[in-house]
Every structure is written in structure tokens, then in C-alpha cells.
Amino acid sequence: MYWLFLLTIALHWTAMQMKIHYSANACLLPICSLYGAAVTTVEGVGSTKTRVHPVQERLAKCHGSQCGFCTPGMVMSIYTLLRNHPEPTSEQMIAALAGKYCHFLICRYVLEPFSSDTLCTENSWVLLVFFLFKVSTRLFSTDEFQPLDPTQELIFPPELMRMAENQPKRTLFFHGERMTWISPVSLDELLDLKATYPKAPLLVGNTSVGPEMKFRGMFHPIVIAPARIPDLNMVKCTDDGLTLGAACSLSLVKDILTNAMAEFPEEKTKVFSAVLQQLRTLGGEQIRNIASLGGNIVSRKSTSDLNPILAASNCMLNLASRVPEVKLNLCSSIFILLFHIVQQQVLLSDAYMSAGYSLLSDLAQGEYVSAFRQAPRRENALPVTNAGMRVIFEEGTDTIKDLSIFYGGAVSTTVCAKQTCRTLIGRHWNKQMLDEACRLVFKEIALPGSDNGETVDYKKTLIVSFFYRFFLEVSQSLKTMDPCHYPGIPMEYRSVLQDFKTKMPQSIQIYQAKLSQSPQDPVGRPIMHQSGIKHATGEAVYIDDLPSVDGELFLAVVTSSRAHAKIVSIDTSEALKGPGVFDIITAHDVPATNEFYYSDDPEIIFARNKVICVGQIVCAVVADSDDHAKQAAAKVKIEYEVLEPVILTIEEAIQHNSFFAPKRKLEQGNVDRAFETVDNIIEGEIRIGGQEHFYMETQSVLVVPKGEDNEMDVYVSTQHPAIIQEMVAASLGVPANRIMCHVKRVGGAFGGKLLKAGLLASVAAVAANKTSRAVRLILSRGDDMLITGGRHPFIGKYKVGFMNDGRIRAVDAKYYINAGCTPDESVLVAEVSLLKMDNAYKIPNLRCWAYACKTNLPSNTAFRGFGFPQSALVTETWITGVADKIGLSPEKIREINMYKENEQTHFKQKLDPQNLIRCWNECMEKSAYYSRKTAVNEFNKQNYWKKKGIAIVPMKFPFGLGTRYLSQAAALVHIYTDGSVLLTHGGIEMGQGIHTKMIQVASRELNIPMSCIHFCETSTTTVPNACASVGSAGTDVNGMAVKDACQTLLKRLQPIINKNPKGTWNDWIKEAFEQSVSLSATGYFRGYNENMDWEKGEGQPFTYFLYGAACSEVEINCLTGDHKNLRTDIVMDIGCSINPAVDIGQIEGAFVQGIGLYTMEELKYSPEGVLYTRGPDQYKIPAVCDIPEQFSVSLLSSSQNPYAIYASKGIGEAGLFLGCSVFFALRDAVTRVRNERGLKKTFTLNSPLTAEQIWANCADDFAEMVIGNRASPSLFGPDPSYH
């Protein structure tokens, strides 16, 4: 999904020879399918050793890369687009990146138009860079960009061209260890092969067969690839419509239909338009480039977005077999039967193959066609439900002559509401017909119970509301045709006829430049990430990029399938017989420590006698290849005896009193007495779901025994090399000085690569120790999600007392977090949730408890924000509850209760809220909050089925790790005799630009250019006992250490400089060496003086505070619950930024990760504790379509911080919470819907606020029909009389 090839293919089956370029996901593309193709990877586009391509250069210099792991994919998508379309449209630009998502930078894709004088004069083009469209280019200079010159691009290899032109086509056979790939060149040959190998799948794009083999363990010894057969690639245009071959890619189909719509009159292209509507959101462009039309129709089961609309449109399916060719109407029952048979890969008569599909375009007058879908994410997501509908009226009337209604997604295959359609023939298109249709459809389309965590009510409602939407569309079209006879629909209904579209985002970034600063001083400037170019060229090395070591083995883990059970036996006999299997590693092979007691309950490497969650590592297989290891791991048989109780939820933990100690409490004032004196009291509860880290680089480690003295090199993707060293040494029973841990860079972490990385590194180290071979462990995405845990699910219960004027006087709250099966960092997370729960508000009387619930889920762990995003959301929830109760606006309640003077927090730490108030006021002003709120009110008056909402939220984010030793840091700086400087420190580069900032610090302190300074790697051999890079503290603490080391060196050099003040840096270094002055120095920072006394409930656990505010505006579709993020304005106080480009990127990236947490990322488990959402198919993080159309980030000016390096502030975590401004904007929209519909009952919205939850709380008549089992909706809006 993240590494993309660019393929250049000569296509000779068209009327004229041509070359096309397309990007494709390498993980889906079998190498056998590339016969005759020219493959270009990101390294072939450009490199630092040859020439950096303009796309790569701009992406890096526009700060479009953070951790860099997914950057090559961005490059390939943009490069491919420009090869095909040197002047792309905005829609093409959006489509090129629509399949990309990343927890780091998805908000920061740049769609940057340049004037022609910055580009080649012959071919002005619109440059895409993975960053936001800039209104101002102050974060980078366009003057230094090289122009794009299309004449310098790679040509299609002449030898491949000659081969394609001159060699006769022949069947290709590729034989692997277990599989044979056959690629025929004629339809007759294909039919023969299908007769010979009836169970062999037909594979074109591998988007169905590939995932089944990889994730579901299916194996096919024979695969037939028919993509080279001309008959299956045909495109035939006639007066009746289009005939498209089954092997045509979805991208090709999309282009063909787009061109056809431009050529044919509108009445002939209604089907094309409906199909195109589905294609635009069907997968990303890289998927559509290889996925075939036939594959989507036959193999996608109920998830095909095309089948319902093709069936409803009477499109024809042409089948080839040994008997004469068969043509089937897709809406016939024969098609449904065939569809079931094809899905099960059972032979129908002799042999069959989809030869072509006819898309009819010649619609009769009075014929209307539409397609609908709703998915967890608007783009690149499988549908919850989809539909295709067509109606034909008797000529000149609104009497139904024919009606087709098809649904997909809801059941196992595409289904037709046949009885409904038959019953409605002859009816007029009016309100009475609508009432009956909804009742009939609801009754006819029976949905099975959910087996994957989905709720059925939502699907049922979509089924009915899709028909209602179709009814509105057709009613309005009838009015357009004959306004005298058909009134159409009210104006306030019309906006719902338009789906949300992804538009070209625009953004502004504002920071304060220091005009008096020396031009040589890089601190405070928007410096490019030091690895930015290497990210863009693919030269940046991650763990799995490290070259193979001689004799290297690959490790695959075997995990528990039970949540709580005794291990009765482990049978490895079949696994050991597998090809290439070297050994199997269990707890008995651990030389020393298998359980690490950082608290009363241990963290465990290998389960020994029992398992305590699904996904716990029981044993591991080492083999000569990754495939062999995984195949053998699947053959390990474990017998269990289930133990009781199995505790999965917070409620079950409370019931069984299952908690990790200690429970924490904070209290100030007299809460009980305050409740007696207040005017009002509200009580409530909010649930906040967990969140997967979804770092792009999964957990990865390479362990290399050095052959003597028990030494090992451990190359690992981690935030904390010292804990890796400690755990590996302890598990092997050797001193820590024998374990050398190395980290070059990490492809994303977010808190997920601490203890979990240590346990996995120990697994690999034990295997390396036993086999005396290098061992590589790279978790698949599914295993990573299953094993590692994530953000803690959270329940907040609250009781709030307040006065009629909005002053909050008392709060009594309890927080429960689902810790999982081991403690990990959970008690600390619970503590932080208490310490930060006040957010921006002064609460005079407060009592709050926090409990870490012990359950049988994989252990949850640290995650960006560390408890604050959950507890602060609870606080903002009761803030809005207070507003609802007394009739004031939420922003007024926030202003009334905000910290205003030098005050104390609830744990008696002083704070100055001046910058909090400044951020709030500036955000109010920059967002034009009140004028936009008025505009929102006006929009809502004029629209019934779509509503807008707006919200503004403040933030106080305390910085600190709670105790001094956790924030100590060290650095080592060498100066070589040529004047170059080698810098190293204990911080880890995870995308936050720490190494870039450290080089900026060293550059300022030594007064030399950044180009003279190099950072190699973070290693326990150079900086021992380094603390973890967590809590946004990396720059603060390591910056102090680097500064200390540089000042030590400069102090040694000062006498030499004084003697020769006009000398150069190199002169001084040469002289120092000749005078035997040490040119190497360590730097050290003791850490911040932080402490917390939980017995007294007071302390100074934080060093300083960051402040911010965010205003967001959204629009919702009440019929489906879908929403669009329209605009976000953020103002953030981060002190004096060391690197504004990096820091603004952190704010934007964190904000979008917060959008994911609060509105879409949903983890689902089975009743047995098995994680359903184990990959990007099921688990959706934000994509391009989720970025606000207008996005502004401003750094608060004239802000100082005396506690940190150069008056800066640690910024990595704080911005995530501001994503809840979208949550509360959605709540505002839902509130407006409920008020309009007279629903005064108090309601609670949980997180994530998904489309389903938005729909449910809008509580329209469709929801009442489903949930309340009403016969039919009685009212479809404010004024039904128009029907």
C-alpha cells in the first residue's frame, strides 16, 4: 500500500500503438504480471547520486515529508500524473493522492500552482507536492526549484518495444516453488485452461485473490492471468452504448466513460454518469489502475459499488463458454444465480469467462438512473451499503412503467427489491407511492445479523433513505422536464441531491520571522528536513531496507487465538516439516528473563502456561524466508482450555473489580458542599473508543550476533533504544554492554514503539541467540494491529454543578481506561488524564478518580497525547452540556470558566493564562467566528436535509514527564580536523525533525553552517541510558544537551579564536588539533525539576504550558450521517519556534490524527476478543477527503518560554486534541437538526462520532421506522404537501 511502482506499458491491442504510465501498489502486483512492462521505482525517478527529479525536490523543499516512510508513494503518484497529464486538472490532482493516508502528514499535501516563469517555458504545469496548497510561500522559496523538463524523462526501453512489436504473442508459464502462473493470449485457450483447472482463479488486478492469499491463508497452485487476451480488453462504442472487456482496468473504464459523456448528449449518458459517480470513490487511483471491471463485478461479492447500478441499468453480461456465447441481463435472476456460483468458484456447465459488459446508454425519455453509496470514509473504503436505481415513466406522465432497485453491501451479494418494484408499477410518483415504497423495501430486504461488529439498523435505514433520495432526484427532474405539471421539491431539500465532493484544499501558515537575526543563524527559520530529499528519492533507510546479512533468518510469530486460556499443548511437528524452517522458539528457549516486572503484573515475551489475550505471542518460527516462516507459523497447532472470566470491556472490569494498582484521585475544594449551593446539576457519561497507532513502518527489528563475547547488534524501529538494550540483555542474561542498539530513523511511532518494541526485539534476540544467526522480524500490518494495542478506550462519568449564569462550581468525575492484559504505561496514562482533565478551565471544587481496568485485550500503551485527548474531551462534553441546560452558547460557557489570571491548577501548580486568552481571542478573530456562525444559521434555515455546525475549542496542554530522571539527556559532538562536525544525541527521529533541529542548535552554538554538521544515528554505543523520545520533550531536552556539548567545545576553542579572530573555522580547528585540544565533548541535561505527590494531591509535575484554540466548521448529510470538514483555523502558542515549517507540520498532522480519533477511527472486536479491524480495509484513518477545505495555522507571536531551548516549546502532541473542534462542530450541527425537529431530550455523542452515530442522533423518520419498528415514515420533512 505504501511502496509504489511506476509502470510504463506498451499497449498494442488498441487501434494505435501507445504507451501509458500508471502507478500501482507493489504489494498487490505479482511480478509475473509485469512481462513486457518497464518498471520504474522511486529510485529510478531520481536520486542524490544522479539527479533529483523536480517532483522529489519540491516535495522535500516544501516540507512535504515527515517520517518519510510513505513519501516515495507520493512521489510516484505525482510523477505518474505529470507523465500522463503535464497540465492536470484539479480533479486529476485530487484523484492522484486520494488513495494516500498517513497518521503523520495526510493534511500536508501541497497542490502548488506555479507561474510559468518558475517552470520550463515550453510546458507550464501545475506542480503537486504532498503538502497543502499555499496562499503564501514564506515557508519555502520557489526561486531555487529546478524546472520540469519533459524531454529529460525516462523513455520506454527500445528493447521492450521491439519485443512487443516483433515477437509473436505466446502463452506464458511461470513456475514457482508452490505455484504456477499461466498467462494465455486467446479466449479459446483460456476456456481450455479453465476446463483443465476448474478451481484456478482468474487474476487480472490481484485486488481480490492477492489479499485472500495474504490475509486469509488461501492457496492456489494454479493461477490463470487473462489480461493479455485482446477479446477481454476490447472497447467498442455503438449507438446502443459501450461494450467493455472484462480485463479493462477501472481507471480505463473511468476515462472511457468521461470521454463518452463529453461526446454524447446528456440523455444518452445517465448510466455513464451514475457509474462514474461510483468509480470516483472506488478505491484509490493506484487500485483502479490495476483492478479490472470483470473482477469487481464477479469477485467483490456484496462490496461491489458497480453491480447495483449496472444491474439496475439493464447492462448486459456476455459470457464465453464451450457452448454458444451467453448474454445475460444483469438484473435477471439468472445473473444473481450466476453471481453466487462465480463467487464460490464452481463451474457452470463446462467453462466460462466474462468476455465483456455492455453499458447501455440509449435511455428512453422519462427514464432516470442514479447510484448511491455510504462508506466509513467517503473515498477508498468499502461500502456499508450501496444502491442502483432506475425508473421509467409512461410517456408524458409520472406513472411508473418500470422500476429497478438493487442494493449491495448490506447482504452477501447484490439483491433486487423485485416485489417492491412489481407492486409499484402503475403508481404515480407521489407521496403515497413513497410511503408504500419505503414500507415495501424495508420489509423485502432482509438483513442478517451482524458478525463483524456492524449494526444492522444503520444499513436498514440507508436502504430506505437511498430510495427517498432517489425519489427527490426524480421529482426534481420531473419538474425540470415539465414545471407546469410537477412541482418538484422544496428549495430546502435540494442541497441533499449533491454529494460531498473533495475540493482543492487551501491553507495559510503564519509564523513570526525575526528580522534582526543574523542570516547565518538557522534557528527560527523554516529549514527543510535533513532527510527530506532522501525520503523523496527512496534512499532513506528503514529497518527492512537494511541489506541481508549472510545466513539471515526470518521470524514469524504464532499468536494466541483465545483471550484467556490455559495452554494444554503446542504441536510444532507439521511446522518443522515446512520448507526452509530452521527452528521454533518458545519460552523454554529464553536464557534468562521472560517476564519483566515494571509493576506488580509482568510484561511477557512468550506465553508460558496460559494466554491472557488474543494476539499474545506463544512461540515463533524462524526460516530461510519470510514466506516460509509465515507458512510454518500457520501450521503450529495449540490446544487450549478456556479460563474464566474473560473480561473484554470496561464494564466487565468494573463488574469483576479488575484493576491495575494504584487507583488515583485528585481533589480540591469542598465538592459535596458546592453541589448543595449550585443552581443546576447535570450528570452524564461519554465513551471514547481506542485508536490504532497505524504508523507506516510496522514493528521491525534485525538482530545480528557478532560471534564473540555474546555481543549483538540490534537494529530496531523504536522510540527508546535504552529500553530495548535493557530488555534484550535481560532476556539473554548478558550485561547491557554486550547489546548495541541502533536507530537511524523510525517510520512513525506515536508512542507505540516503547515496551512493545522491546518485547518484539527480545523475541528476535532469543531466536538469534539460539540459532547463532541474524534474525529479521517485520510484522505485517494485521499482526501489528493484533499484537500491539493502541490508545486506551475510555469511559468518563461526570456530575457537574453550576450557576444559572454559567459559572461551574463543582465537578465530580470518574475515568476508566481499558488497559488491556498487562500494565504497560496504563497507570501513568490514568494519572495524566487526571492532571490534565481541567483543560482550559478553572474549577473551584473538583474531585476526580482514574482507574486502569485490567482486561483480556492486548495491552494498550502510550499514544500521542497520553490520556489528555480522552479526559479533555469529557470536560468539553460537560461544558456543552452546561450550555444546553441553561441556553447559553458553548463558547460563552468556555469564556466564563476559562483561566483568566495567575491562578493554580487543581494540583496546586501556578500558571499564567495570558497566552491562553490571546490564542482564544486571535482564533475568534482570524476565524471570523461570529459572522460565520450567523452564516451557518442562515444556511440551516434554508436547508432541511443538510446542516452546518461550527465550534471553537480552547486548549491548555501541560508539558512535562512528571519526574526529573525521565527528562535527562546527553549528546556527543566530534569535530574532525577538516572542520566537519559529527553530532549524536539520545533523541529518535520519528518524523518530528529532531535531528534537523539539533543540527540547527549546533549550527547556532558553533557559528558554522548546517552543511558542516552531520548526524549519523542514535545508538547506545555513543549515548548511553538515553530516555525515551516521548511527551514532545525530544527537542527540549536533547537540545539542551547539544547546546552544552557545543558550548564546551567553543570554550576550549575560544583562546585560539581570540589569538586569530580573522581566521576561519578550519584554521581554528587545525590549530586546536596541533595544540592537543580535545575536539570531542559530551553534553548533558539533568532534566526538568518535576514532581508529583499523589498522597497530598499536589506538586509541580509540569514545567510549562502550551496553549491553543481551534475553530472548525462542518456540514452533515442528515440522511446518511456523512459529513464534510469545511474549514479549520488554529492558533497555537509554541513559544519561539526553532523550525516553523516542522512545527506547523506537527500541528497539522496531529490535528488530522485527532480528526481520526474523534470522528472515524473505530476498533471493533468479536465477543471472544478477536480484533475485526486488522488493516486498512476495515480500519479507516483520515484521507485527503477528510482534510478541511480551508486550513489555517497561526503561531502566536511574541511568545516566550524561559524553560526550554531558545524559548521554544515541545509541540508534537498538543495539536491532536484540537481535532475535537470537528467533533463539537458536528455536535452543533446535530443539535440544530434536533432543535428543528422538536427533539428536546438530552443526548450524548460518543467518540468516534461516525456517520452512523450522526445519523442516529439526527433521529429522522427513517431511523424511527427502523429502530421504532414503525410501519412507515409519517413525515418526510417540514412540508409534505408538495407531493
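First residue shown is number 1, and so on along the chain.
The backbone N, Cα and C atoms fix where each Cβ goes, glycine too.
Among the features that TrEMBL reports, [2Fe-2S] cluster 1 binding site is placed at CYS27.
The [2Fe-2S] cluster 2 binding site feature in TrEMBL is assigned to CYS67, CYS70, CYS102. Its Cβ placed at the centre, CYS67 ([2Fe-2S] cluster 2 binding site) has 30 other Cβ atoms within 10 Å.
Around GLN719 (Mo-molybdopterin binding site), the C-beta neighbours below 8 angstroms that are at least 6 residues distant in the chain are VAL746, ALA749, GLY751, LYS753, LEU754, ALA757, ILE988, MET990, ALA1028, SER1029, VAL1030. The annotation Mo-molybdopterin binding site is assigned in TrEMBL to GLN719, PHE750, ARG864, GLY1031.
As annotated by TrEMBL, substrate binding site applies to PHE866. Around PHE866 (substrate binding site), the same-chain residues six or more apart in sequence whose CB sits under 8 Å from its CB are GLY751, GLU825, LEU828, VAL829, VAL832, VAL1030, GLY1031, GLU1213, listed in sequence order.
Annotation source TrEMBL lists domain 'FAD-binding PCMH-type' at 174-378.
Positions annotated as signal peptide by TrEMBL: 1-16.
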Checklist line | By Cα-Cα distance, the member of binding-site residues CYS27, PHE750, ARG864 nearest CYS67 ([2Fe-2S] cluster 2 binding site) | finding: PHE750
Next item on the list: Determine, to the nearest whole angstrom, how far the Cα atom of CYS27 ([2Fe-2S] cluster 1 binding site) is from the Cα atom of CYS70 ([2Fe-2S] cluster 2 binding site).
Entry: 13
Notebook entry, point to check: For the binding-site residues listed here, CYS27, CYS70, which shows the highest count of neighbouring CB atoms within 10 A?
Noted result: CYS70
Margin query: Taking only the residues in the domain 'FAD-binding PCMH-type' (174-378), give me the average pLDDT of this model.
Written below: 79
Next item on the list: Give the maximum pairwise CA distance in Å, whole number, for the residues GLN719, PHE750, ARG864, GLY1031 listed as binding Mo-molybdopterin.
Entry: 13
Item checked: Least Cβ-crowded entry, counting other Cβ within 10 Å, from the binding-site residues listed as PHE750, ARG864, GLY1031 -> GLY1031
Item checked: Check: same-chain CB within 8 A of Mo-molybdopterin site center, minus GLN719, PHE750, ARG864, GLY1031 -> ALA749, GLY751, GLY752, ALA862, PHE863, PHE866, MET990, SER1029, VAL1030, SER1032, GLY1212, GLU1213
Notebook entry, point to check: Just the number: how many Å between the Cα atoms of CYS70 ([2Fe-2S] cluster 2 binding site) and PHE750 (Mo-molybdopterin binding site)?
Noted result: 16
